[in-house]
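Trainee: Sharing the features that TrEMBL gives for it:
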type: TRANSMEM; residues: 12-34; note: transmembrane segment
type: TRANSMEM; residues: 93-116; note: transmembrane segment
type: TRANSMEM; residues: 137-158; note: transmembrane segment
type: TRANSMEM; residues: 178-199; note: transmembrane segment
type: TRANSMEM; residues: 206-227; note: transmembrane segment
type: TRANSMEM; residues: 233-257; note: transmembrane segment
type: TRANSMEM; residues: 301-320; note: transmembrane segment
type: TRANSMEM; residues: 347-370; note: transmembrane segment
């Protein structure tokens, strides 16, 4: 069974989906006139009125935090470390590149979600890819198939990964029994999700900005403490991305390929652009200014915050700490914890465990809202 799953993973994630998502990103970037670059400042201007809402929908800020809650999880800390270990520092460049392309995709899919949203029996907004597949394309069957896969992915698979990450992090950091941690998670998650989408949005609105700011503050502290290393780190990323250092050894093609594949994979997995998940939160919002494109700009900002900002914070922690070893034995969350601990002491590992708890916990409740929608 494991071999079949690995085969499908290598086929779809390594050969098919990655090229489709890149192609879609390039297509929307061109068709929208490079909107993520021309209207970069407008993403932030739209946020001025993002806390406004009406009785039928959550605010744009809450929709952004809900989508960020699902996006920002263990992948931003552990996944980036894995990409660095397997693909080298050059993976970071390709991760940034796919995020810039993904911003155009996120704009398109979230704008469509607003355009084709409906009201449910309780008067709340509902929408997403399944809705515009049915109403926009006239392909109800496609919407049904998409909904089934989304429920399986976000209701079961992704939540299993996040819950496992929480229990393991608590066990390693504090020695807590994974079973008891799991039971506490069930209770905490149940209290929030039974409160409905608004309770999920309010939770995300509080926890996501708080944890993101704390994590970014730690990363900035490490960056300024090692500011003399910044030029070398930037050159390391660029030179490794294009194999400048490996050209003479004959490993140019392999190095570029590994960095590109791992960077693109981690970037796409983290920011979810084109996955059809964030539009479900976007459709639930009341955008201000009241135009579908307003929510498109908000979700475009979400991709930027997830990959360009938060993932880059992890890159700064690892590369500027001096703990990074190419193809080393320490990888994943252990590498991030080790890098942070080397700069701020033993409490760094505890901070990462707590950060994983809150980031992964908010992912749990946000993923449920996607599956419910």
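Any Cβ shown, glycine's included, is placed from N, Cα and C.
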Trainee: Is the transmembrane segment (178-199) close to the transmembrane segment (347-370), in the sense of at least 3 CB pairs under 8 angstroms with a sequence gap of 6 or more?
Mentor: yes
Trainee: How about the transmembrane segment (206-227) with the transmembrane segment (178-199) - do they touch, taking at least 3 C-beta pairs under 8 Å (6 or more apart in sequence) as contact?
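Mentor: No, the stretches stay apart by this measure.
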Trainee: Go through 12-34, 137-158, 178-199, 301-320 and flag the stretch with the largest number of C-beta pairs under 8 Å relative to the transmembrane segment (93-116).
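Mentor: The stretch I would name here is 12-34.
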Trainee: Against which stretches of its own chain does the transmembrane segment (301-320) lie, if we need a Cβ under 8 Å and a gap of at least six residues from its ends?
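Mentor: Result: 43-44, 46-47, 64, 67-68, 71-72, 76-77, 80-81, 84, 89, 92, 95-96, 98-100, 102-103, 106, 212, 215-216, 218-220, 222-223, 226, 229-230, 233, 236-237, 266-267, 270-271, 273, 278, 335-336, 339-340, 343.
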Trainee: State the residues, same chain only, that lie 6 or more residues beyond the ends of the transmembrane segment (12-34) and have a CB under 8 A from a CB inside it; answer 'none' if no residue qualifies.
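Mentor: Beyond its ends, the transmembrane segment (12-34) has Cβ neighbours at 98, 101-102, 104-105, 107-108, 261, 264-265, 268, 273-274.
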